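Asker: Can you read through this structure? Questions will come right after.
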Amino acid sequence: MAIQTSNLGYPRIGLQREWKKTLEAFWSNKINEEQFLTTMKEIRLQHVKVQQEKGIELIPIGDFTYYDHVLDTAYMLGFIPSRFSEFTSYLDVYFAMARGSKDHVASEMTKWFNTNYHYIVPEYEEGLQISLKDNRPLRLYEEAKQELGVDGKPVILGPYTFLKLAKGYTQEQFATILKQLVAPYVQLLSELHAAGAQIIQVDEPIFASLTKEEVQQAKEIYEAIRKEVPNATLLLQTYFDSVEENYEEFITFPVSSIGLDFVHGKEGNLNAISKYGFPADKTLAVGCIDGRNIWRADLDEVLTLFTTLQKQVQTKDLIVQPSCSLLHTPIDKTEETHLSTELFDALAFANQKLEELVLIHSALTQGTESISNELETYRNVHHTIRSSAARNREDVKAARTALKEEDFSRPLPFEKRYELQQVALKLPLLPTTTIGSFPQTTEVRQTRKEWRNGIISNEQYEQFIEKETEKWIRYQEEIGLDVLVHGEFERTDMVEYFSERLAGFSFTKNGWVQSYGSRCVKPPVIYGDVAFINGMTIKETVYAQSLTEKVVKGMLTGPVTILNWSFVRNDIPRKEVSYQIALALRHEIELLESSGIRVIQVDEPALREGMPLKEKDWDAYITWAVQSFLLATSSVANETQIHTHMCYSNFEDIVDAIRALDADVISIETSRSHGEFIDTLKHTTYEKGIGLGVYDIHSPRVPSKDEMYKIVEQSLQVCDPKYFWINPDCGLKTRRTEEVIPALEHMVQAAKDARSLLKTNA
């Protein structure tokens with residue numbers, strides 16, 4: 001039996017975030033196009049070289065991107081919206097689609113399945129000419145071959161997943177458009193095969209959640225492609241879950257290899273193989289190392305998996321690989337020497353995961369005795385972290401055991417609470433607010449860096465934060481906002497900030513992963529039991545409230561978002577970790593309330609993204625996710641108004657869950673998705689406070705008052721004005737002051753115009 005090592009994708013951002021810095025330098029005209037392309041090529045080839053040096057045999061080519069791999073595919077296939085037709089150069093068109101411009105609205109951005117990565121949503125328009133506009137995978141394949149002598153494995157997004165992720169067509173049009181994709185995919189694969197590509201990875205993550213009819217439709221497309229490209233060696237790659245429900249049909253697809261996730265879809269995929277076997281004429285690519293988390297693998301467990309598979313699989317070949325692209329993990333743990341030994345030893349970032357693949361390959365080809373020392377080391381590491389005091393806190397266990405049913409609900413129903421809140425808060429019809437953060441200017445970031453490096457004192461840093469807070473309180477008053485925020489100038493990241501102040505968390509120095517475009521985040525590490533230590537937001541929020549007669553919102557990140565945006569310990573269920581976080585936040589919320597804060601926002605932008613891919617698994621997740629939010633927020637008085645915020649979600653799937661959160665007000669991203677949630681509300685009712693975002697904060701353009709008024713007008717057709725709020729899509733941290741102030745002025749004016757119209761029509 002031939003066994004090879006393979007990788008599905010490598011992190012793009014560079015060990016020191018060189019990729020991010022190059023992008024932003026190009027966008028700000030600090031480097032020209034030639035310099036940009038040269039530097040990007042250097043980064044791209046360096047990533048290939050690292051994988052080569054680590055001993056990976058099938059190295060992914062084409063996973064590298066200037067922004068997003070789905071956007072790459074859209075451009076490659078000619079899915080370019082007509083509003084960008086005035087742009088002529090590749091990069092101008094590409095980045096206009098991704099980011100928008102002064103006069104052009106960007107394409108929508110949303111979450112990549114149930115991860116924290118965002119992709120640009122492809123747009124289909126009537127009359128679109130679908131063709132292979134640019135064979136980028138071929139260029140990159142030839143580049144790696146010529147520059148490094150690497151005969152790589154081209155990676156492309158499959159036609160079915162691509163079109164399922166796209167928007168702009170009716171369901172009736174889907175089959176027709178899908179057939180139109182056959183020709184460009186045939187050309188793409190033919191040219192790669194002709195250039196010498198030995199194996200081509202075709203990613204179809206959507207296959208984990210298809211109906212029987214969709215599977216048959218997908219199979220017909222692959223049969224049409226295979227008919228035209230009979231000799232290309234295709235690896236049909238699935239990930240993020242099992243394909244158990246349709247496995248029997250999948251293994252008959254006309255491809256040479258099938259990649260399955262044996263981490264996040266282990267039970268389902270093993271059940272399917274046990275029941276139906278695996279074709280002897282196909283290669284099984286075994287996703288055995290977790291590509292979405294940062295913990296060392298349990299090598300004994302992985303080797304047991306292969307023992308099981310080798311008994312049930314008749315194929316002559318196997319591929320050892322991660323469960324998915326390593327895009328979702330930091331690059332290398334070697335710089336994290338500040339961590340405790342027990343935690344550092346338990347980690348495995350992308351480069352360490354590549355080393356684990358090679359270890360497994362050695363054990364499978366040379367016997368386990370060839371890695372006996374490494375196996376012993378791994379066993380000791382796992383024993384140490386499992387028995388750690390941080391993972392066995394008696395106070396946390398006692399608090400969990402003591403929970404009662406009444407801890408998960410507010411005393412009064414929403415309608416009665418809202419009446420009391422209106423009396424207490426005295427807000428106008430259609431109140432205006434922002435989502436929480438204001439621009440983190442160069443000065444803010446530089447001052448924080450100086451403080452962290454000990455260049456300025458705690459007192460100097462606190463004075464600076466107070467100065468920024470007061471400045472933006474005054475801005476908000478002048479603009480005319482109704483509910484203000486303190487601006488979050490003390491926070492780098494909405495999750496990292498809390499991780500640094502709760503027991504059970506740790507944080508890395510260089511554990512960056514890509515979120516969207518050049519935006520990178522450094523997820524905290526939940527390694528132990530989570531517990532409250534001291535107040536986390538009290539000082540800044542109370543100070544902001546002391547500066548104004550207007551209401552100031554307390555700002556917290558919710559338990560499910562903290563969970564979903566962290567690297568989470570894998571020794572207990574995620575539900576239990578979420579409840580631990582909720583109990584800690586409950587304490588903080590009670591402190592805010594007792595300090596005089598009457599509106600408290602608990603953001604849950606990641607609630608939807610944590611949902612399992614399969615609908616049959618949704619209810620269990622939604623139940624504990626909602627319970628976590630209720631546990632955090634239900635101990636406040638009826639007069640205290642609880643807000644929450646969500647973004648980047650397919651909300652139609654979770655309207656009932658949103659309702660069950662029982663938040664007094666929810667703000668939701670609306671403008672970037674071109675009013676999608678407004679359409680959802682046409683078919684259901686939402687009888688609580690709601691704010692539908694009136695402008696896209698991810699684009700530098702300042703929308704006009706009329707644009708925002710139009711969204712307000714559309715929203716009021718499906719929302720009760722009595723409960724309607726007006727706000728941006730998301731926080732304003734990444735925008736510049738000169739963009740934020742006029743945009744908020746336009747928003748407030750749109751609100752005033754809407755109020756006037758409502759009064760006139762009353």
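Each residue, glycine too, has its Cβ placed from N, Cα and C.
Marked as 5-methyltetrahydropteroyltri-L-glutamate binding site by Swiss-Prot on the basis of sequence analysis: Arg17, Glu18, Trp19, Lys20, Lys111, Arg519, Cys520, Trp565, Glu609. Sequence annotations record features per position, and here Swiss-Prot assigns L-homocysteine binding site to Ile435, Gly436, Ser437, Glu488, Asp603. If you look up Swiss-Prot, you'll see Ile435, Gly436, Ser437, Glu488, Asp603 marked as L-methionine binding site. The Zn(2+) binding site feature in Swiss-Prot is assigned to His645, Cys647, Glu669, Cys730. Annotation source Swiss-Prot lists active site, proton donor at His698.
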Asker: Starting from the Cβ of Glu669 (Zn(2+) binding site), draw a 10 Å sphere and report how many other Cβ atoms land inside it.
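Answerer: Within a 10 Å radius of the Cβ of Glu669 (Zn(2+) binding site) lie 27 other Cβ atoms.
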Asker: What are the non-local neighbours of Glu488 (L-homocysteine binding site), defined as same-chain residues 6+ apart in sequence with CB under 8 A from its CB?
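Answerer: Correct list: Gly436, Ser437, Phe438, Met494, Tyr497, Met555, Gly731, Lys733.
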Asker: Only counting partners 6 or more residues apart, tell me which same-chain residues put their Cβ under 8 Å from the Cβ of Cys520 (5-methyltetrahydropteroyltri-L-glutamate binding site).
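Answerer: Non-local contacts for Cys520 (5-methyltetrahydropteroyltri-L-glutamate binding site): Ile13, Arg17, Lys20, Trp512, Val513, Gln514.
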Asker: Looking at the recorded positions Trp19, Lys111, Asp603, Glu609, His698, whose Cα is closest in space to that of His645 (Zn(2+) binding site)?
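Answerer: Its closest listed neighbour, by Cα, is Asp603.
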Asker: What three-state class does DSSP give Gly436 (L-homocysteine binding site)?
Answerer: coil
Asker: Near the L-methionine site, what residues other than Ile435, Gly436, Ser437, Glu488, Asp603 in the same chain have a C-beta no further than 8 Å from the centroid of the listed C-beta atoms?
Answerer: Thr434, Val485, Met494, Met555, Gln601, His645, Cys730, Gly731, Lys733
Asker: Let me know how many other Cβ atoms fall within 10 Å of the Cβ of Lys111 (5-methyltetrahydropteroyltri-L-glutamate binding site).
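Answerer: 22, counting other Cβ atoms within 10 Å of Lys111 (5-methyltetrahydropteroyltri-L-glutamate binding site).
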Asker: Show which residues of the chain containing Ile435 (L-homocysteine binding site), separated from it by at least 6 in sequence, have their CB under 8 Å from its CB.
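Answerer: Val485, Gln601, Asp603, His645, Ser667, Asn727, Pro728, Asp729, Cys730, Gly731, Leu732 - these are the non-local Cβ neighbours of Ile435 (L-homocysteine binding site), listed in sequence order.
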Asker: I'm trying to understand the geometry here, so how far is the Cα atom of Lys111 (5-methyltetrahydropteroyltri-L-glutamate binding site) from the Cα atom of Cys647 (Zn(2+) binding site), in Å to the nearest whole number?
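Answerer: With the alpha carbons as reference points, the distance is 9 Å.
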Asker: Out of Trp19, Glu609, His698, point to the one nearest Glu669 (Zn(2+) binding site) in space (Cα versus Cα); all of them are recorded positions in the record.
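Answerer: Of all the candidates listed, His698 is nearest in space.
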Asker: Please report the DSSP secondary structure of Glu609 (5-methyltetrahydropteroyltri-L-glutamate binding site), reduced to three states.
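Answerer: Note: Glu609 (5-methyltetrahydropteroyltri-L-glutamate binding site) is helical by DSSP.
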Asker: Considering the recorded positions Arg17, His645, His698, which residue's Cβ sits among the greatest number of other Cβ atoms within 10 Å?
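Answerer: The residue with the most neighbouring Cβ atoms within 10 Å is His645.
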Asker: Taking 10 A as the limit, how many CB atoms besides its own sit near the CB of Trp19 (5-methyltetrahydropteroyltri-L-glutamate binding site)?
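Answerer: A 10 Å sphere around the Cβ of Trp19 (5-methyltetrahydropteroyltri-L-glutamate binding site) contains 24 other Cβ atoms.
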Asker: Closest of the binding-site residues to His698 (active site, proton donor), Cα to Cα, picking from Trp19, Glu609, Cys647?
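Answerer: That would be Cys647, nearest by Cα distance.
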Asker: Would you mind pulling the DSSP three-state label for Trp19 (5-methyltetrahydropteroyltri-L-glutamate binding site)?
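Answerer: Assignment for Trp19 (5-methyltetrahydropteroyltri-L-glutamate binding site) reads helix.
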